[in-house]
Amino acid sequence: MKAIVFAYHDIGCVGLNALAEAGYDIQAVFTHTDNPGENRFFSSVARVAADLALPVFAPEDVNHPLWVERIRELQPDIIFSFYYRNMLSDEILSLAPQGGFNLHGSLLPQYRGRAPINWVLVNGETETGVTLHQMVKKADAGPIAGQYKVAISDVDTALTLHAKMRDAAQELLRNLLPRMKEGPLPLTPQKEADASYFGRRTAADGEIHWQKSAFTINNLVRAVTEPYPGAFSYLGQRKLTIWRSRPLDLVHNKLPGTVLSTAPLTVACGEGALEIITGKGEAGLYVQGDRLAQEMGIVTDVRLGNKPSNTLKRRTRVLILGVNGFIGNHLTERLLQDDRYEVYGLDIGSDAISRFLGNPAFHFVEGDISIHSEWIEYHIKKCDVILPLVAIATPIEYTRNPLRVFELDFEENLKIVRDCVKYNKRIVFPSTSEVYGMCDDKEFDEDTSRLIVGPINKQRWIYSVSKQLLDRVIWAYGVKEGLKFTLFRPFNWMGPRLDNLDAARIGSSRAITQLILNLVEGSPIKLVDGGAQKRCFTDIHDGIEALFRIIENRDGCCDGQIINIGNPTNEASIRELAEMLLTSFENHELRDHFPPFAGFKDIESSAYYGKGYQDVEYRTPSIKNARRILHWQPEIAMQQTVTETLDFFLRAAVIEKTAAPKDELNA
């Protein structure tokens, strides 16, 4: 059987040797050149390939059409990936009739993503393993050919566990590869509900937070000890690295980070204490804990912790245009919870952000972006991060007021983009899931999916193309003039304060608010085209946490990125959303304040939205970028979001009803 191999690291060497032992006809080996900045403790795939007299390549982009064509010419029957660090394109995977298989260092679907060996230790797991699975478009998500379990001991480090995983990979491949030569193996689909994802780790992730338990900190130490950069803390400005430690079940009344003793060197944690067995100080020598204390002048009752800043760092100034809107007010709440941020906001109303008006870190001006251009330009110049959240984003307006949509969503926002270029300010721009249009991919990918819209006479696409054109303009400014930007694409965020019932009364609201209005007023719930359209609903708190991490932008990780923010597991049709709402409504404690349910009513989209409307059957995000870049995973189930959103609007409706007679008397 002819095979193409993509491999790196020790596991890559194991995989290559296992294929050779099993008698595979290896046509070519693709690997990576060594990174001089990486502590390379593992064997070389290139050397193993050379010893086996195999052709070996290390292209910068193996998915380039030239390399795809060269692989096509080799006519592989099967493709293997063993710790190769780049995703292989669908085009490459389609070249092998038997498909492509990847060896992953965990028991999938748990610990998808990067650095699974380090992560299982950080999280204190007692078992892991290796998985051979078929490669699909979504990373680490394909059906499983086989697994081999590995026990994790209390004293395992990343290096010792790596050795166990290497042996496990060898055993798994010795079992599976000969059978795969005889014919396709039965594959077991992964359970998405059990999946977890962990992103890339950096040296900075080794910083110790002493308020955590001694057990948790010790897990970090063994996860990142040699050959990795190590867990570290600071004594004033001086850094110390911990190579080996031991958690102690010790009761104390000291603040976390306080040195309890120097021989042995023991530090108070949020729960228990940590004995530092070996480490290094600024001299760089590997020494015992008590010697480390002597070298660094550590004494009892001194505190270890974060490196103090030499200068008083001012707060990051965030300008939010449309601060009173759904995303704007929730984002403001999250930013003001962190004393690193100061928020400047503009909007035509203030009902949703009135709760922040007394906060000294919040500055608000009531105004219209089309009128207050001088105020906006001044504050773009003054602030650090700019979020232009002002837009018409309700579907009925796309056909009812297409020119107004274009003028506000494109023309006014283009001015803001150009001011960001002019003053060299970072822009975090709200793109939209609408830009994907009628994309035919199973999951909409920021980097590869086609953006497909309808004909010109379908005016509903004016919002989509206005946003898409701004995305392209921002990208071009980034490439040509160095604009710092991040584009984020929300997928059906919902929660309290999404639109309001007055907007729903004139049809200018999102789906859930419109459905709630029907329940509140006792009118039939109108299901456009039967409500068969599916969407992935995302809780506002999940969405805001991702957006907060984009604004935070650790190590510039979000610069020049496009990031979908959605929850693929919360997919439901509009009819299913309506039924879920109805169930929660009937069980709500305020149910008696509202009329009887008037039933469902199917209605054609043209009758509801008018001529020029065209709908999309489904809209499912790929969130690999959010997981990889932000280390973010949506957590809140749709039922919880629906319940909280309904509760917010029902309580608001009751207050509105009880206030009405007073208003009439005052009149």
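Cβ atoms here come from the backbone N, Cα and C positions, even for glycine.
The active site, proton acceptor annotation in Swiss-Prot covers Glu434. Annotated (6R)-10-formyltetrahydrofolate binding site per Swiss-Prot: Arg114, Val136, Lys137, Lys138, Ala139, Asp140, in sequence order. According to Swiss-Prot, the feature NAD(+) binding site maps to Asp347, Asp368, Ile369, an assignment based on sequence analysis. If you look up Swiss-Prot, you'll see Ala393, Tyr398, 432-433, Arg460, Asn492, 526-535, Tyr613 marked as UDP-alpha-D-glucuronate binding site. Among the features that Swiss-Prot reports, region 'Formyltransferase ArnAFT' is placed at 1-304. Residues annotated as region 'Dehydrogenase ArnADH' in Swiss-Prot: 314-667.
Fewest other C-beta atoms within 10 Å: among the binding-site residues Asp140, Asp347, Asp368, Asp529, that description fits Asp368.
For Ala393 (UDP-alpha-D-glucuronate binding site), the nearest neighbour among the recorded positions Lys137, Lys138, Asp347, Ile369, Glu434, judged by Cα separation, is Glu434. Largest CA to CA distance in the (6R)-10-formyltetrahydrofolate binding set (Arg114, Val136, Lys137, Lys138, Ala139, Asp140): 17 Å, whole number. Ranking the binding-site residues Ala139, Ile369, Ala393, Ala532 by other CB atoms within 10 A of the CB puts Ala532 at the bottom.
Spacing of Arg535 (UDP-alpha-D-glucuronate binding site) relative to Asp368 (NAD(+) binding site) is 32 Å (Cα to Cα, whole number). Among the residues Asp347, Asp368, Ile369 said to bind NAD(+), no two Cα atoms are farther apart than 8 Å. Take the Cα of Lys526 (UDP-alpha-D-glucuronate binding site) and measure to each of the binding-site residues Arg114, Ala139, Ile369: the nearest one is Ile369. Neighbour count (other Cβ atoms within 10 Å of the Cβ, all protein chains): 24 for Glu434 (active site, proton acceptor). Annotation for Lys138 ((6R)-10-formyltetrahydrofolate binding site): spatial neighbours Glu443, Ser622, Lys624, criterion Cβ-Cβ under 8 Å with sequence separation of six or more. Cβ neighbour count within 10 Å across all protein chains ranks Arg535 highest among the binding-site residues Arg114, Lys137, Lys526, Arg535. Residue pair Lys137 ((6R)-10-formyltetrahydrofolate binding site) / Asp368 (NAD(+) binding site) shows a Cα separation of 44 Å.
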